[in-house]
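What TrEMBL says about this one:
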- 283-350: domain 'Sphingomyelin synthase-like' (DOMAIN)
- 20-36: transmembrane segment (TRANSMEM)
- 48-65: transmembrane segment (TRANSMEM)
- 71-90: transmembrane segment (TRANSMEM)
- 140-159: transmembrane segment (TRANSMEM)
- 171-193: transmembrane segment (TRANSMEM)
- 294-321: transmembrane segment (TRANSMEM)
- 333-355: transmembrane segment (TRANSMEM)
- 410-429: transmembrane segment (TRANSMEM)
Amino acid sequence: MRLSPAPPWTAAIFKKRGGGLGLVAVAYLGVDYLRHLSPSWHSRLQPALWAVLALIAVARVPFYRHWPAELRSAVVFVAAMLFMLSTLLFEALSVRSVTAVLGLDWHRDTAPLPDTGQWLLLALNEKLPQILVEVLRARIIGLHHFLMLFVMLAFSVLFDSIEAPGLGIGARYMFTMAVGRFLRAITFVSTILPSPRPWCASTRFGVPAHPHRWAQKYYVPYASDVNAIRQVIYQDIAYADIAEYNDVYCPNWGSMNFLIDFLRPTVNEGSSWYHLLKKAGGGCNDLMYSGHMLVAVLTAMAWTEAYGGFSSAFIWMLVIHSAQREIRERHHYSVDCIVAIYVGILLWKMTGFLWPTKTASRVRKLNKLEKIQSRLVQAAKDSDVEEVRELLKEVELGSNAPESQKGMQLFAGATIFSALTIVLLAFTWTSDG
(Lines of atoms letter the chains of each structure in order from A; the text may use other names.)
(Lines give C-alpha, C1' and ligand atoms only; values in the text may rest on other atoms or scores of the structure.)
Protein backbone atom coordinates (compact mmCIF):
# COMPACT_ATOMS: atom_id res chain seq x y z
CA MET A 1 0.00 0.00 0.00
CA ARG A 2 1.43 3.37 -1.01
CA LEU A 3 1.51 6.23 1.47
CA SER A 4 -0.33 9.40 0.54
CA PRO A 5 1.73 12.58 0.22
CA ALA A 6 2.69 14.30 3.42
CA PRO A 7 0.60 17.28 4.53
CA PRO A 8 2.02 20.31 2.69
CA TRP A 9 1.88 22.55 5.76
CA THR A 10 4.41 20.37 7.60
CA ALA A 11 6.98 20.57 4.82
CA ALA A 12 6.42 24.30 4.36
CA ILE A 13 7.46 25.00 7.93
CA PHE A 14 11.01 23.76 7.36
CA LYS A 15 11.28 24.44 3.62
CA LYS A 16 14.94 25.24 3.00
CA ARG A 17 14.75 28.02 0.42
CA GLY A 18 11.99 29.74 2.34
CA GLY A 19 14.15 29.99 5.46
CA GLY A 20 11.57 28.12 7.50
CA LEU A 21 14.09 26.44 9.77
CA GLY A 22 15.67 29.79 10.57
CA LEU A 23 12.26 31.21 11.50
CA VAL A 24 11.59 28.25 13.78
CA ALA A 25 14.97 28.81 15.46
CA VAL A 26 14.23 32.51 16.01
CA ALA A 27 10.78 31.64 17.39
CA TYR A 28 12.32 29.16 19.81
CA LEU A 29 14.89 31.67 21.07
CA GLY A 30 12.26 34.39 21.35
CA VAL A 31 9.88 32.23 23.35
CA ASP A 32 12.67 31.05 25.64
CA TYR A 33 13.86 34.62 26.26
CA LEU A 34 10.43 35.33 27.73
CA ARG A 35 11.72 33.68 30.92
CA HIS A 36 13.45 37.01 31.59
CA LEU A 37 10.63 39.27 30.38
CA SER A 38 7.45 37.44 31.40
CA PRO A 39 7.92 34.15 33.29
CA SER A 40 4.18 33.42 33.24
CA TRP A 41 3.97 33.62 29.44
CA HIS A 42 7.18 31.64 29.16
CA SER A 43 5.74 28.81 31.27
CA ARG A 44 2.76 28.64 28.89
CA LEU A 45 4.38 29.12 25.50
CA GLN A 46 7.55 27.05 25.84
CA PRO A 47 5.84 23.67 26.49
CA ALA A 48 3.34 24.49 23.73
CA LEU A 49 6.14 25.23 21.25
CA TRP A 50 7.99 22.03 22.14
CA ALA A 51 4.81 20.00 21.77
CA VAL A 52 4.00 21.54 18.37
CA LEU A 53 7.51 20.91 17.02
CA ALA A 54 7.49 17.32 18.29
CA LEU A 55 4.08 16.64 16.75
CA ILE A 56 5.15 18.14 13.41
CA ALA A 57 8.25 15.93 13.39
CA VAL A 58 6.27 12.80 14.27
CA ALA A 59 3.71 13.64 11.58
CA ARG A 60 6.46 13.59 8.95
CA VAL A 61 7.89 10.22 9.99
CA PRO A 62 5.59 8.03 7.81
CA PHE A 63 6.51 10.05 4.72
CA TYR A 64 10.27 10.12 5.24
CA ARG A 65 12.02 8.31 2.37
CA HIS A 66 15.54 7.80 3.72
CA TRP A 67 15.12 5.24 6.51
CA PRO A 68 17.52 2.76 4.82
CA ALA A 69 20.23 5.46 4.94
CA GLU A 70 19.38 6.13 8.60
CA LEU A 71 19.70 2.41 9.33
CA ARG A 72 23.18 2.34 7.82
CA SER A 73 24.20 5.23 10.10
CA ALA A 74 22.63 3.84 13.28
CA VAL A 75 25.67 1.84 14.43
CA VAL A 76 28.01 4.79 13.92
CA PHE A 77 25.56 7.03 15.80
CA VAL A 78 25.39 4.72 18.82
CA ALA A 79 29.19 4.31 18.85
CA ALA A 80 29.64 8.10 18.72
CA MET A 81 27.18 8.56 21.57
CA LEU A 82 28.98 6.02 23.77
CA PHE A 83 32.31 7.65 22.97
CA MET A 84 30.93 11.06 23.90
CA LEU A 85 29.53 9.79 27.21
CA SER A 86 32.89 8.26 28.12
CA THR A 87 34.74 11.50 27.34
CA LEU A 88 32.21 13.50 29.37
CA LEU A 89 32.89 11.22 32.35
CA PHE A 90 36.64 11.73 31.95
CA GLU A 91 36.09 15.48 31.70
CA ALA A 92 33.93 15.52 34.86
CA LEU A 93 36.67 13.72 36.80
CA SER A 94 39.25 16.18 35.50
CA VAL A 95 37.11 19.23 36.34
CA ARG A 96 36.83 18.19 39.99
CA SER A 97 40.49 17.14 40.19
CA VAL A 98 42.04 20.41 39.02
CA THR A 99 40.07 22.30 41.67
CA ALA A 100 40.59 19.77 44.46
CA VAL A 101 44.35 19.35 44.14
CA LEU A 102 45.16 22.91 45.28
CA GLY A 103 42.54 23.30 48.02
CA LEU A 104 40.06 26.12 48.61
CA ASP A 105 42.57 28.46 50.26
CA TRP A 106 44.60 28.72 47.07
CA HIS A 107 41.51 29.49 44.96
CA ARG A 108 40.38 32.24 47.34
CA ASP A 109 43.79 33.88 47.59
CA THR A 110 45.04 33.64 43.99
CA ALA A 111 44.32 36.66 41.78
CA PRO A 112 42.87 36.17 38.27
CA LEU A 113 45.16 36.57 35.27
CA PRO A 114 45.19 39.91 33.41
CA ASP A 115 42.81 39.66 30.45
CA THR A 116 42.90 42.37 27.77
CA GLY A 117 39.59 41.12 26.36
CA GLN A 118 37.88 41.92 29.64
CA TRP A 119 39.52 45.35 29.63
CA LEU A 120 38.26 45.99 26.08
CA LEU A 121 34.66 45.10 26.97
CA LEU A 122 34.75 47.38 30.01
CA ALA A 123 36.12 50.20 27.83
CA LEU A 124 33.34 49.62 25.24
CA ASN A 125 30.76 49.97 28.01
CA GLU A 126 31.89 53.59 28.33
CA LYS A 127 31.88 54.30 24.58
CA LEU A 128 28.88 52.43 23.12
CA PRO A 129 25.24 53.55 23.39
CA GLN A 130 23.62 52.20 26.53
CA ILE A 131 20.98 50.23 24.62
CA LEU A 132 23.71 48.38 22.70
CA VAL A 133 25.54 47.63 25.95
CA GLU A 134 22.32 46.17 27.38
CA VAL A 135 21.94 43.95 24.30
CA LEU A 136 25.50 42.70 24.76
CA ARG A 137 24.78 41.98 28.42
CA ALA A 138 21.47 40.21 27.73
CA ARG A 139 21.38 36.45 28.32
CA ILE A 140 19.96 35.70 24.91
CA ILE A 141 21.50 32.28 24.40
CA GLY A 142 23.16 29.60 26.50
CA LEU A 143 24.57 26.11 26.18
CA HIS A 144 21.17 24.37 26.08
CA HIS A 145 20.01 26.74 23.33
CA PHE A 146 22.87 25.73 21.04
CA LEU A 147 22.11 22.06 21.70
CA MET A 148 18.45 22.64 20.85
CA LEU A 149 19.36 24.50 17.67
CA PHE A 150 21.38 21.49 16.55
CA VAL A 151 18.49 19.18 17.42
CA MET A 152 16.21 21.28 15.20
CA LEU A 153 18.76 21.07 12.41
CA ALA A 154 19.04 17.28 12.71
CA PHE A 155 15.27 16.76 12.79
CA SER A 156 14.83 18.99 9.74
CA VAL A 157 16.09 16.06 7.68
CA LEU A 158 12.50 14.78 7.93
CA PHE A 159 11.50 17.76 5.76
CA ASP A 160 14.38 17.39 3.26
CA SER A 161 15.86 20.65 4.52
CA ILE A 162 19.29 19.04 4.95
CA GLU A 163 21.03 16.07 3.42
CA ALA A 164 20.08 12.64 4.78
CA PRO A 165 20.82 10.78 6.99
CA GLY A 166 19.97 12.68 10.15
CA LEU A 167 21.76 10.10 12.27
CA GLY A 168 24.84 10.80 10.17
CA ILE A 169 25.04 14.46 11.12
CA GLY A 170 24.18 13.47 14.70
CA ALA A 171 27.07 10.99 14.77
CA ARG A 172 29.47 13.56 13.35
CA TYR A 173 28.34 16.19 15.87
CA MET A 174 28.76 13.88 18.87
CA PHE A 175 32.04 12.38 17.69
CA THR A 176 33.51 15.83 17.03
CA MET A 177 32.29 17.07 20.39
CA ALA A 178 33.75 14.01 22.13
CA VAL A 179 37.16 14.59 20.54
CA GLY A 180 36.96 18.28 21.45
CA ARG A 181 35.97 17.57 25.06
CA PHE A 182 38.79 15.04 25.44
CA LEU A 183 41.37 17.48 24.05
CA ARG A 184 39.94 20.18 26.32
CA ALA A 185 40.29 17.96 29.42
CA ILE A 186 43.91 17.04 28.78
CA THR A 187 44.62 20.73 28.06
CA PHE A 188 43.23 22.22 31.27
CA VAL A 189 44.71 19.51 33.49
CA SER A 190 48.14 20.24 32.03
CA THR A 191 48.32 23.73 33.57
CA ILE A 192 45.87 24.86 36.26
CA LEU A 193 44.77 28.44 35.69
CA PRO A 194 43.28 30.62 38.44
CA SER A 195 39.58 31.26 37.92
CA PRO A 196 38.44 34.74 36.83
CA ARG A 197 35.97 34.33 39.72
CA PRO A 198 38.04 33.70 42.89
CA TRP A 199 34.92 32.72 44.87
CA CYS A 200 33.87 30.06 42.35
CA ALA A 201 35.58 27.06 43.96
CA SER A 202 34.22 27.64 47.46
CA THR A 203 30.71 28.11 46.00
CA ARG A 204 30.64 24.97 43.86
CA PHE A 205 32.98 22.53 45.59
CA GLY A 206 33.38 21.23 49.12
CA VAL A 207 37.01 20.14 48.80
CA PRO A 208 39.43 20.57 51.73
CA ALA A 209 41.00 23.98 52.31
CA HIS A 210 44.59 22.69 52.37
CA PRO A 211 46.40 21.51 49.24
CA HIS A 212 46.85 17.88 48.30
CA ARG A 213 50.19 16.27 49.18
CA TRP A 214 51.21 16.42 45.50
CA ALA A 215 50.73 20.19 45.45
CA GLN A 216 52.48 20.49 48.82
CA LYS A 217 55.56 18.74 47.54
CA TYR A 218 55.78 19.88 43.92
CA TYR A 219 54.17 23.33 43.78
CA VAL A 220 53.27 25.31 46.91
CA PRO A 221 56.79 25.77 48.39
CA TYR A 222 58.12 27.08 45.07
CA ALA A 223 55.07 29.11 43.97
CA SER A 224 56.04 32.62 45.10
CA ASP A 225 59.51 32.59 46.67
CA VAL A 226 61.98 33.67 43.99
CA ASN A 227 64.94 31.88 45.59
CA ALA A 228 62.93 28.68 46.00
CA ILE A 229 61.88 28.79 42.35
CA ARG A 230 65.51 29.31 41.27
CA GLN A 231 66.70 26.48 43.48
CA VAL A 232 64.17 23.93 42.25
CA ILE A 233 65.02 24.88 38.65
CA TYR A 234 68.77 24.48 39.20
CA GLN A 235 68.50 21.28 41.24
CA ASP A 236 65.59 19.85 39.22
CA ILE A 237 64.32 18.05 42.32
CA ALA A 238 61.54 18.73 44.83
CA TYR A 239 62.89 19.16 48.36
CA ALA A 240 59.86 20.33 50.42
CA ASP A 241 58.31 18.32 53.27
CA ILE A 242 54.67 17.23 53.23
CA ALA A 243 52.45 18.34 56.11
CA GLU A 244 50.16 15.90 57.90
CA TYR A 245 46.42 16.62 58.16
CA ASN A 246 43.95 14.64 60.26
CA ASP A 247 40.72 15.65 58.50
CA VAL A 248 41.21 13.52 55.36
CA TYR A 249 37.91 11.77 54.52
CA CYS A 250 38.12 8.32 52.90
CA PRO A 251 34.68 6.91 51.97
CA ASN A 252 34.22 3.35 50.81
CA TRP A 253 33.76 3.50 47.05
CA GLY A 254 34.70 -0.12 46.46
CA SER A 255 36.43 -0.58 43.13
CA MET A 256 36.36 3.21 42.61
CA ASN A 257 38.49 3.95 45.71
CA PHE A 258 41.36 5.04 43.47
CA LEU A 259 39.32 8.18 42.66
CA ILE A 260 39.57 9.44 46.25
CA ASP A 261 43.04 10.87 45.65
CA PHE A 262 41.79 12.77 42.60
CA LEU A 263 38.40 13.97 43.85
CA ARG A 264 39.23 14.63 47.54
CA PRO A 265 35.67 14.20 48.90
CA THR A 266 34.50 15.65 52.23
CA VAL A 267 31.96 14.34 54.75
CA ASN A 268 29.29 16.88 53.76
CA GLU A 269 29.28 15.79 50.12
CA GLY A 270 27.90 12.30 50.67
CA SER A 271 29.35 8.91 49.97
CA SER A 272 28.63 8.45 46.23
CA TRP A 273 31.35 9.37 43.75
CA TYR A 274 28.76 9.67 40.96
CA HIS A 275 26.65 12.27 42.78
CA LEU A 276 29.85 14.04 43.78
CA LEU A 277 30.58 14.67 40.11
CA LYS A 278 27.03 15.76 39.29
CA LYS A 279 26.43 18.31 42.03
CA ALA A 280 29.05 20.92 41.09
CA GLY A 281 27.10 22.21 38.06
CA GLY A 282 30.29 23.12 36.21
CA GLY A 283 33.93 23.73 36.99
CA CYS A 284 36.04 26.73 37.95
CA ASN A 285 39.51 25.96 36.59
CA ASP A 286 38.57 24.04 33.44
CA LEU A 287 39.30 27.16 31.42
CA MET A 288 41.52 26.36 28.44
CA TYR A 289 39.50 26.07 26.30
CA SER A 290 35.80 26.91 26.79
CA GLY A 291 33.47 23.91 26.58
CA HIS A 292 30.46 26.20 26.11
CA MET A 293 32.08 27.85 23.12
CA LEU A 294 33.07 24.50 21.64
CA VAL A 295 29.40 23.42 21.62
CA ALA A 296 28.37 26.79 20.14
CA VAL A 297 30.94 26.61 17.34
CA LEU A 298 30.11 23.00 16.43
CA THR A 299 26.43 23.94 16.20
CA ALA A 300 27.26 26.89 13.96
CA MET A 301 29.53 24.76 11.76
CA ALA A 302 26.89 22.05 11.39
CA TRP A 303 24.24 24.65 10.60
CA THR A 304 26.45 26.39 8.03
CA GLU A 305 27.42 23.19 6.23
CA ALA A 306 24.00 21.56 6.27
CA TYR A 307 21.65 24.52 5.85
CA GLY A 308 23.55 27.71 5.01
CA GLY A 309 21.87 30.99 4.19
CA PHE A 310 21.14 33.98 6.39
CA SER A 311 20.12 31.77 9.30
CA SER A 312 23.69 30.48 9.52
CA ALA A 313 24.98 34.05 9.74
CA PHE A 314 22.48 34.58 12.54
CA ILE A 315 23.83 31.52 14.39
CA TRP A 316 27.38 32.85 14.10
CA MET A 317 26.23 36.20 15.50
CA LEU A 318 24.86 34.27 18.48
CA VAL A 319 28.23 32.51 18.84
CA ILE A 320 30.04 35.87 19.01
CA HIS A 321 27.47 37.22 21.44
CA SER A 322 27.90 34.16 23.64
CA ALA A 323 31.71 34.51 23.53
CA GLN A 324 31.73 38.13 24.66
CA ARG A 325 29.28 37.27 27.44
CA GLU A 326 31.51 34.45 28.68
CA ILE A 327 34.35 36.99 28.88
CA ARG A 328 32.20 39.85 30.20
CA GLU A 329 30.76 37.74 33.04
CA ARG A 330 34.22 36.27 33.73
CA HIS A 331 33.34 32.66 33.24
CA HIS A 332 36.34 32.43 30.92
CA TYR A 333 39.36 34.38 29.81
CA SER A 334 39.42 35.76 26.26
CA VAL A 335 42.00 33.19 25.18
CA ASP A 336 39.67 30.36 26.23
CA CYS A 337 36.96 31.53 23.85
CA ILE A 338 39.34 32.33 20.98
CA VAL A 339 40.99 28.91 21.14
CA ALA A 340 37.59 27.17 21.37
CA ILE A 341 36.45 28.90 18.17
CA TYR A 342 39.32 27.82 15.96
CA VAL A 343 39.60 24.36 17.55
CA GLY A 344 35.88 23.79 16.94
CA ILE A 345 36.17 24.87 13.30
CA LEU A 346 39.23 22.70 12.64
CA LEU A 347 37.75 19.64 14.36
CA TRP A 348 34.52 19.91 12.38
CA LYS A 349 36.47 20.11 9.14
CA MET A 350 38.51 17.04 10.08
CA THR A 351 35.49 14.82 10.79
CA GLY A 352 33.75 15.26 7.44
CA PHE A 353 34.14 11.55 6.69
CA LEU A 354 31.37 10.77 9.19
CA TRP A 355 28.74 12.83 7.39
CA PRO A 356 29.81 13.91 3.90
CA THR A 357 27.05 16.19 2.73
CA LYS A 358 26.57 16.36 -1.01
CA THR A 359 29.47 14.45 -2.56
CA ALA A 360 28.74 11.00 -1.13
CA SER A 361 25.03 11.31 -1.84
CA ARG A 362 25.70 12.36 -5.42
CA VAL A 363 28.05 9.41 -5.95
CA ARG A 364 25.46 6.94 -4.63
CA LYS A 365 22.78 8.39 -6.90
CA LEU A 366 25.05 8.28 -9.96
CA ASN A 367 25.98 4.65 -9.24
CA LYS A 368 22.33 3.71 -8.88
CA LEU A 369 21.40 5.61 -12.04
CA GLU A 370 24.09 3.76 -13.96
CA LYS A 371 22.69 0.40 -12.82
CA ILE A 372 19.11 1.15 -13.85
CA GLN A 373 19.93 3.13 -16.99
CA SER A 374 18.72 0.44 -19.41
CA ARG A 375 15.46 -0.04 -17.50
CA LEU A 376 14.90 3.72 -17.42
CA VAL A 377 15.47 4.04 -21.18
CA GLN A 378 13.08 1.15 -21.86
CA ALA A 379 10.39 2.66 -19.62
CA ALA A 380 10.75 5.97 -21.44
CA LYS A 381 10.39 4.23 -24.84
CA ASP A 382 7.27 2.47 -23.57
CA SER A 383 5.87 5.77 -22.25
CA ASP A 384 5.46 4.04 -18.89
CA VAL A 385 5.37 7.14 -16.66
CA GLU A 386 4.63 5.14 -13.54
CA GLU A 387 7.70 2.95 -14.08
CA VAL A 388 9.88 6.01 -14.69
CA ARG A 389 8.66 7.49 -11.40
CA GLU A 390 9.43 4.28 -9.51
CA LEU A 391 12.93 4.07 -11.00
CA LEU A 392 13.67 7.69 -10.16
CA LYS A 393 12.41 7.04 -6.65
CA GLU A 394 14.95 4.20 -6.36
CA VAL A 395 17.68 6.60 -7.44
CA GLU A 396 16.58 9.16 -4.86
CA LEU A 397 16.52 6.61 -2.07
CA GLY A 398 19.86 5.18 -3.14
CA SER A 399 18.85 1.67 -2.09
CA ASN A 400 19.90 -1.35 -4.11
CA ALA A 401 17.28 -3.60 -2.61
CA PRO A 402 13.92 -2.98 -1.00
CA GLU A 403 14.02 -3.09 2.80
CA SER A 404 11.49 -4.86 4.93
CA GLN A 405 8.56 -2.47 5.34
CA LYS A 406 7.75 -3.74 8.81
CA GLY A 407 11.38 -3.63 9.88
CA MET A 408 11.71 -0.05 8.63
CA GLN A 409 8.58 0.97 10.52
CA LEU A 410 9.91 -0.53 13.74
CA PHE A 411 13.28 1.13 13.21
CA ALA A 412 11.64 4.47 12.44
CA GLY A 413 9.50 4.32 15.57
CA ALA A 414 12.41 3.30 17.79
CA THR A 415 14.66 6.00 16.30
CA ILE A 416 12.17 8.83 16.81
CA PHE A 417 11.29 7.69 20.34
CA SER A 418 14.95 7.33 21.31
CA ALA A 419 15.91 10.65 19.73
CA LEU A 420 13.13 12.54 21.51
CA THR A 421 14.07 10.88 24.81
CA ILE A 422 17.75 11.80 24.39
CA VAL A 423 16.77 15.37 23.49
CA LEU A 424 14.58 15.66 26.58
CA LEU A 425 17.29 14.29 28.87
CA ALA A 426 20.05 16.41 27.36
CA PHE A 427 17.94 19.54 27.53
CA THR A 428 16.97 18.87 31.16
CA TRP A 429 20.53 18.13 32.27
CA THR A 430 22.00 21.22 30.57
CA SER A 431 19.22 23.73 31.32
CA ASP A 432 21.38 25.36 34.01
CA GLY A 433 24.28 25.86 31.59
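Note that Cβ sites are derived from N, Cα and C of the backbone, with glycine treated the same way.
Automatic, uncurated: that is what TrEMBL annotation is.
Same-chain residues lying 6 or more positions outside the transmembrane segment (20-36) and placing a CB less than 8 Å from one of its CB atoms are 12-14, 42, 45-46, 49, 53, 138-141, 145, 148-149, 152-153, 156, 159, 161, 307, 309-311, 314-315, 318.
When pLDDT is averaged over the domain 'Sphingomyelin synthase-like' (283-350), the result is 93. With DSSP states grouped into helix (H, G, I), strand (E, B) and coil, the domain 'Sphingomyelin synthase-like' (283-350) comes out at 53 helix, 0 strand, 15 coil. Within the same chain, residues 165, 167-168, 170-172, 174-175, 177-179, 181-182, 185, 277, 354, 403, 408, 411, 415, 422 sit at least 6 positions outside the transmembrane segment (71-90) and bring their C-beta atoms closer than 8 Å to a C-beta of that stretch.
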